[in-house]
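K.L.:
If you look up TrEMBL, you'll see 32-412 marked as domain 'Isopropylmalate dehydrogenase-like'. Per TrEMBL, N6-succinyllysine is recorded for Lys99. According to TrEMBL, the NADP(+) binding site annotation covers Thr103, His339, Gly340, Ser341, Ala342, Pro343, Lys344, Tyr345, Asn352, Tyr391, Arg395. What TrEMBL records for Ser112 is phosphoserine. Among the features that TrEMBL reports, N6-acetyllysine is placed at Lys141. Taken from TrEMBL, the feature site 'Critical for catalysis' applies to Tyr159, Lys229. Marked as Mg(2+) binding site by TrEMBL: Asp307.
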Amino acid sequence: MTYDRVDVPDSGEKITIQNAETDELSVPNNPIIPIIYGDGIGPDVAPAAQTVLSTAAEETGREINWMRLYAGESARDKYGENLPAETIDAIREFNVAIKGPLTTPVGAGYRSLNVALRTELDLYTNVRPTYYLDGVPSPVKNPEQMDMVNFRENTEDVYVGIEWEAGTEEVQQVREFVEEEMGYDEMIHDGPVGIGLKPISEFGTKRLVRKAIDYALENDRNSVTLIHKGNIMKYTEGAFRDWGYEVAEEEYGDEVITEDTLWEERDGEAPEDAVVVNDRIADNMLQQLLTRTDEYDVLAMPNLNGDYLSDACGAQIGGLGIAPGANIGDGRILAEPVHGSAPKYAGQDKVNPSAMILSGRIMFEYLGWDDAADLIRDAVEATISEKYVTYDIHRQIDGGEKVATSEFANRVAEHIERLA
Ligand code: NAP
């Protein structure tokens, strides 16, 4: 494929999908990896992450050939639009990419640029690992107990954006349909009302839960917990739970056991190597995150629950400056930090690049570069442990040195060289 305004590096090779059934990639040692710097603090944290990721790759005998793509403000400058088709096409072609945060401009014609990217590329799983790094200040007593991986559905639920504004012709039509044709009269209050739809499908649920169970099996995790409000929303969230169990029971044989079977047939004793699938109601789960932290492992949930739950998990291990994420589809990944573009800090070389660096770690794991991924984790931990930290962590600890985004990244790179 040829591109108008993307400079494809002269050297380096493309990552390709080797086996579409298993999503297995063919990863050369010198891949071309697209990167979107993003808006606000994106141009601060993205180059910092590049420094660290390139160093980790080199120290493990590889070389990354970066390819800049554009979305948001940088795309408006270059293309006159927020999300150029070339950007989508290039991620589709190169399969593995990383991005900084994007601001959605008012009146852009998108609910959110991030949602548009995830939808266009069918990146249906949002993965957010939350684990503790030594030295990171936390509001809880035992932050080291947090080691969960959130799998949040990315393409449906109330976030899909089917909603109608109060006072419009459309909302009136929906109201009439609901009240007159469906017979739910007197359930919607009189006067102005906004109405939204909450689609949760068997297809969307099962492919998400499959990803979570596959991850648990591949990474020796003990359990996958389906999180839902199925006690109230029976045909959406309750269906999510039921379809999740169906996947577990019908597709994995002895590799997976449900919590009910575990107690009915095995007195709670899980077979070695089997993943236990259980479910929890979302409000209960929000308190269990705090009270029974070490009992949970991999979490799978619809879009809205996932948004809330993963931020709550993130808070326990140090917050937004640290929390990494990735959007994953079939054979394709777009890694990105959980945080946004924090415009008030843009261009100040001030914010914490750890979230973007650790998002790169997820991308490396996806490539099968576990050695480089572990080096990144250990080097970020070593840097924070010696209290060489950005403002957000510095304000929460005693002593230490407050450093710039770039200084922090350079130090992480030095630690990688030392540890390699
Ligand atoms: P935000 O950009 O995440 O920033 C909120 C606060 O979090 C910051 O003021 C800062 O707190 C802290 N923070 C965020 N990133 C940090 C970092 N790297 N290091 C240290 N502290 C960090 O959230 P927002 O202000 O609500 O959103 C701003 C824009 O980002 C919006 O347009 C939103 O739509 C967009 N957004 C994009 C994404 C994405 O691209 N995936 C995600 C979320 C939001 P203190 O000031 O207290 O230090």
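The backbone N, Cα and C atoms fix where each Cβ goes, and this holds for glycine too.
TrEMBL: automatically predicted annotations, no manual curation.
Tell me about the surroundings of these features in the structure.
P.N.:
Here the Cβ of Lys99 (N6-succinyllysine) has 28 other Cβ atoms within 10 Å, regardless of which shown protein chain they belong to.
Counting only residues at least six positions away in the same chain, the Cβ atoms of Gly40, Pro101, Thr103 sit under 8 Å from the Cβ of Gly340 (NADP(+) binding site).
In the three-state DSSP classification, Ser112 (phosphoserine) falls within coil. A 10 Å cutoff on Cβ-Cβ distances gives Ser112 (phosphoserine) a total of 15 other Cβ atoms nearby, all chains included.
Lys141 (N6-acetyllysine) is surrounded by 8 other CB atoms, counting those within 10 A of its CB over all protein chains shown.
In this structure, Tyr159 (site 'Critical for catalysis') is part of a helix by DSSP.
With a 10 A radius on its CB, Lys229 (site 'Critical for catalysis') counts 19 other CB atoms from all the protein chains.
Under DSSP, Asp307 (Mg(2+) binding site) is assigned to a helix (H, G or I) in the three-state scheme. In sequence order, Arg152, Tyr159 make up the list of same-chain residues 6 or more apart from Asp307 (Mg(2+) binding site) whose Cβ falls under 8 Å from its Cβ.
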K.L.:
Of Thr103, Asn352, the binding-site residues given in the record, which has the fewest other CB atoms within 10 A of its CB?
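P.N.:
Result for the binding-site residues Thr103, Asn352: minimum number of other Cβ atoms within 10 Å at Thr103.
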K.L.:
Ten-angstrom check, please: count other Cβ atoms within 10 Å of the Cβ of Tyr159 (site 'Critical for catalysis'), all chains counted.
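P.N.:
Tyr159 (site 'Critical for catalysis') is surrounded by 21 other Cβ atoms within 10 Å.
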K.L.:
Lys99, Lys141, Tyr159, Gly340: which of these recorded positions put a Cβ within less than 6 Å of any ligand 1 atom?
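P.N.:
Within range of ligand 1: Gly340.
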K.L.:
How big is the Cα-to-Cα gap, in Å, between Lys229 (site 'Critical for catalysis') and Ala342 (NADP(+) binding site)?
P.N.:
32
K.L.:
Please give the NADP(+) site's span as the largest CA-CA distance among Thr103, His339, Gly340, Ser341, Ala342, Pro343, Lys344, Tyr345, Asn352, Tyr391, Arg395, to the nearest whole angstrom.
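P.N.:
Comparing all Cα pairs, the maximum is 26 Å.
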K.L.:
Can you grab the distance from Asn352 (NADP(+) binding site) over to Lys141 (N6-acetyllysine)? Cα atoms, rounded to a whole Å.
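P.N.:
Taking the Cα atoms only, Asn352 (NADP(+) binding site) lies 23 Å from Lys141 (N6-acetyllysine).
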